[in-house]
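Visitor: First the structure, then my questions, so here it is.
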Amino acid sequence: YKLSVAPEMDIMEYCSKEWRGNTPVAKRMRKGYEAVAQKFASIRRVRGDNYCAFRATLFQALSQATQLPSWLQSEDFTMLPENLLSKYDWIKQWQLKQELGRKMGEISGEIKEYLILLRKKWKNISEIKGPIEKQEACDKLFKNEEEEYSLYEALKFLMLNTAIKLYNDDKDGRRVPVFSWLLFARDTSSNPCQLMHNHLNHIGHSGGLEQVEMFLLAYALQYTIQVYRLYKYSTDEFITLYPNDPEEDWPVVTLITEDDRHYNIPVRMCQETML
């Protein structure tokens, strides 16, 4: 088994291994890690493939989950693939995992299975009371490649669903968050169909999540994703929130990045911070 999320390590110990030199970049990174270490004691390295933003976000969400989010409880949640396909024929070109050239008829059932798996895992882990047992359950899930990648497919599909909703809301004159305009202002994603073809279909294969897609992920999960962006240390973008005007009742997960491409996770909040 490849563990997708490495065991925890002291943050400053990790930093001193990674950033030894005296270059301006190394100094800035060390300062950044020192700031994170005021709040968190340890770091867990996340396996670096093009899924790492999903992996870090989902791992953090599950490891602190105490209940099933309301959107996962809704009756029609698992009907999403069928419902969307009945309206948007172009979704047939959805790219599943590493499997090219599948018929969407089959894909609809497969995505449904991924959504059911997401609900099941989230429910099971959120019902575990003890923090150690909960962590063990998360570690076990993120050692199972087949299940892990199926969950990322579910997240991608939820992002597509959210993008379609935002796009339609904007067309119908309803208020949408600012990032939604930015998402559809790109030449490569001026509508949900292009977003799927040029971006979502490539996530995990040839690319990771871009900044504006981090907003979309946050909206799809109804979580605030707080990111320590170490290379932005001492600027007002050092701690960035996706979305930047979060709903008050959304839970918060925290990630660390050195370059907006790869994400690791800080763990063990320091005692003072928790009070």
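Even glycines carry a Cβ here, placed using N, Cα and C.
Heads up, here are the entries from TrEMBL:
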| type | residues | note |
| --- | --- | --- |
| ACT_SITE | ASP49 | active site |
| ACT_SITE | CYS52 | active site, nucleophile |
| ACT_SITE | HIS262 | active site |
| SITE | GLU237 | site 'Linear diubiquitin binding' |
Visitor: If you count other Cβ atoms within 10 Å of each one's Cβ, which of the recorded positions ASP49, GLU237 has the most?
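Guide: Answer returned by the neighbour count: ASP49.
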Visitor: How many other Cβ atoms are found within 10 Å of the Cβ atom of CYS52 (active site, nucleophile), counting all protein chains shown?
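Guide: Neighbour count, Cβ to Cβ under the 10 Å cut-off: 23.
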Visitor: Could you state the CA-to-CA distance between GLU237 (site 'Linear diubiquitin binding') and HIS262 (active site) to the nearest Å?
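Guide: Cα-Cα distance, GLU237 (site 'Linear diubiquitin binding') to HIS262 (active site): 17 Å.
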Visitor: Please report the Cα separation of HIS262 (active site) and CYS52 (active site, nucleophile) in Å, rounded to an integer.
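Guide: Between the Cα atoms of HIS262 (active site) and CYS52 (active site, nucleophile), the distance comes to 6 Å.
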Visitor: Tell me, how many other CB atoms lie within 10 A of the CB of HIS262 (active site), whichever protein chain they belong to?
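Guide: Looking across every protein chain shown, the total is 18.
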